[in-house]
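Participant: Okay, here's the structure, questions in a sec.
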Amino acid sequence: NYWNAASFITSSSYLHFSTFQGETSADISFYFKTSALDGVFLENLGNTDFIKLELKSATEVSFSFDVGNGPVEIVVRSPNQLNDDQWHRVNAERNVKQASLQVDQLPLEVRKAPTEGHTRLELYSQLYVGAAGGQRGFLGCIRSLRMNGVTLDLEERAKVTPGVKPGCSGHCTSYGMYCANGGKCVEKYNGYSCDCSKTAYDGPFCIKDVGAFFEEGMWLRYNFHSPGTSIKDLVSRMLLSSTDPETTAPDLNLNKEELSFSFSTTKSPCVLLYISSYTQDFMAVLVKPSGNLQIRYSLGGTKEPYNIDVDHRNMANGQPHTVNITRNGRDIVLQLDHYPPTTYSLPTASDIQFNSPKALFLGKVIEIGKIDQDIYKYNTPGFTGCLSRVQFNQIAPLKAALRPTNASSHVHIQGELVESNCGASPLTIPPMSAATDPWHLDSASADFPYNGQAIGDGVNRNSAIIGGVIAVVIFTILCTLVFLIRYMFRHKGTYHTNEAKGAESAESADAAIMNNDPNFTETIDESKKEWLI
């Protein structure tokens, strides 16, 4: 019902419905979008009574009616243009006490009803939506028209009405900004949708993280071209192209990359992400033994890779961290979590092209050929933790693995990939070191509570407290048992009654009472005195 809409494409087109039943109360609401200067939204007539809503000018909406006391008009004036081809909401109400009109979030305009006079709105004609009575009709879209709580089906009526089309176009103009994280707004006749296929996110607005938990030894490889695909086919598909097609080299030598992902781990060192190539070029994101983050670029021209060390904090603390890396030529911009972006520059001797990218690895590097010595050292036993929203240019490898798409054929997984909401990872308490853990068997300084020696004073004190608690519990149970036994034997055996003596030989219960109680006889004798008048 929210997107039930109709487009009025001529000034003489309108939709008609049955007479509006709003004798004592009327509640009308709808959305409109137009580029016209004026037009009638809706109108319903009687002999003299009427009700009408219209766009009087580019900044004015009018609500007018007559219940027999003369025409009443309420006007809301907007400081901004209302014919800006954006959605605006109108809400008009009328009852026996007052009438009101509101447009968007502008102040509510209220008009009190007269204390005397007519109060019932008597209408006879059909309800016209769009235009009526020879007036200039409305040009644009109206949706979600509700009258006294009932949504009018504009789309169904528009299907059989000349000059009116079901649905509205241009929804992305007003709502496209809600498609987040690079999601593309797709126009639909009854609304819009967000295309998240080129993002690492999911959900209706591309804001749901897609992540997975990696156990030790697990890894994921995303091949930039599927088996049997030539380099020329890969170029035509532009899998690695950035958002700007002009920067895509025809031989897949990248001048710029955009990499973003989120991770959480408590283990270091490890390889978070590695991008290999058919040459010696590579890019890697590592967690060093100290827990600090390191980004490594090797694009040729230098003997050693160019390293960016982020030493200001420990990243292996079990909390989710976000990494954004953008390279454009020689300039590299790194943003970590919510810290301000930091700019770095490749050495002047370094090349600026990433030549022939081959595959992207997550968790561990399983690649044929020569691998950087530090990466080889950090590669065992592998990453343990959570990775989410991984995206390299327009490729989302984790999403391709967890959501069946055309890109799923490029993914190879070692181990079981379990989807996880990495952003909701709980706070992890770091484990105790062997030197401070008293139960660590290899700890030379560990003193166990009992190993054939006497138990210390602290242990004796604890044993005494436990023994006292047990004694109190046993005493309470015994007391309860004694009480229950006494109670049971107290009510066992004969029972006593107040039955009168001689009841066995008496003819009735009254006779037994009189025989047993002499006073009762005297009372009866006194009450049997008779008086003759």
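Glycine too: its Cβ is placed from the backbone N, Cα and C atoms.
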Participant: So C168 is in a disulfide according to TrEMBL. Which of these is its partner: C141, C179, C185, C194?
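Facilitator: Record-based pairing for C168: C141.
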Participant: When DSSP states are grouped into helix, strand and coil, how many residues of the domain 'EGF-like' (169-207) land in each?
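Facilitator: So the domain 'EGF-like' (169-207) is made up of 8 helix, 12 strand, 19 coil.
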Participant: If you count Cβ atoms within 10 Å of each one, which of the disulfide-bonded residues C141, C168 comes out on top?
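Facilitator: Result of the Cβ crowding comparison: C168.
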Participant: I'm checking region-level scores; what's the whole-number mean pLDDT for the domain 'Laminin G' (227-422)?
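Facilitator: Summarising the domain 'Laminin G' (227-422) by its mean pLDDT gives 82.
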